[in-house]
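**Student:** Dumping the structure here so I can ask a few things about it.
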Amino acid sequence: MNVGIIGFQGDVEEHIAIVKKISRRRKGINVLRIRRKEDLDRSDSLIIPGGESTTIYKLISEYGIYDEIIRRAKEGMPVMATCAGLILISKDTNDDRVPGMNLLDVTIMRNAYGRQVNSFETDIDIKGIGTFHAVFIRAPRIKEYGNVDVMASLDGYPVMVRSGNILGMTFHPELTGDVSIHEYFLSMGGGGYISTATG
């Protein structure tokens with residue numbers, strides 16, 4: 001199973017480290033840093049990391065990856081998007097500089113929790129996973145949502161949602177060392193991986 005991670009900007013190394021941590025226990029998992037369309041072609045599933053959404057959008061568009069992500073996702077490739085990644089895959093980004101891929105029926109408000117100094121950590125309860133210590137850094141907020149499964153909420157707003165093969169969250173699961181969300185994502189398909197996560 002080849003797990004692709006968009007590798008231009010943001011928490012790329014942190015996601016790579018988490019997937020490699022899982023691969024040490026479960027054979028057959030490889031990590032690919034996606035910088036070209038050809039890299040995406042070799043991927044069974046995809047992680048779009050947090051970072052700066054306008055920068056990531058510009059680069060994946062320039063390298064022909066943006067439209068390819070949409071095509072592969074609509075064909076069923078599992079996609080996990082965190083923070084800025086969630087902005088990119090949303091239906092409405094509320095930012096003309098970053099057109100959403102419309103892979104998740106959510107409307108986003110960027111940097112809703114404030115600036116870097118307003119970042120915070122808190123425990124959340126995730127359906128099917130359990131308690132998770134979530135790190136929110138200049139996090140977006142899901143203002144509105146349609147046909148998605150809300151897996152976790154905070155202060156009345158969804159912070160993790162799923163629709164079929166698409167998983168999105170406003171926080172950074174790669175910054176905690178806890179592999180449970182990545183385990184859950186890998187169990188969604190794309191290469192026959194079976195999760196051993198217990199929550």
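Keep in mind that glycine also has a Cβ here, set from the backbone N, Cα and C atoms.
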**Student:** Among R25, R110, which residue does Swiss-Prot annotate as binding L-glutamine at the site that also has G51, E52, S53, I137, R138?
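**Tutor:** Among the candidates, Swiss-Prot records only R110 at this L-glutamine site.
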**Student:** Which active-site residues (C83, H172, E174) fall within 10 Å of E52 (L-glutamine binding site) by Cα distance?
**Tutor:** C83
**Student:** Which ones, of the active-site residues C83, H172, E174, have a Cα no more than 10 Å from the Cα of S53 (L-glutamine binding site)?
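**Tutor:** Within 10 Å Cα-Cα: C83.
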**Student:** Which whole-number value in Å describes the distance between the Cα atoms of H172 (active site, charge relay system) and R110 (L-glutamine binding site)?
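**Tutor:** If we compare the Cα positions of H172 (active site, charge relay system) and R110 (L-glutamine binding site), the gap is 15 Å.
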**Student:** Per residue, counting other C-beta atoms within 10 angstroms of the C-beta, which of the recorded positions R110, R138, H172 reaches the highest number?
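**Tutor:** Sorting the candidates by Cβ neighbours within 10 Å, the top entry is H172.
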**Student:** Please report the Cα separation of R110 (L-glutamine binding site) and E174 (active site, charge relay system) in Å, rounded to an integer.
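**Tutor:** With the alpha carbons as reference points, the distance is 20 Å.
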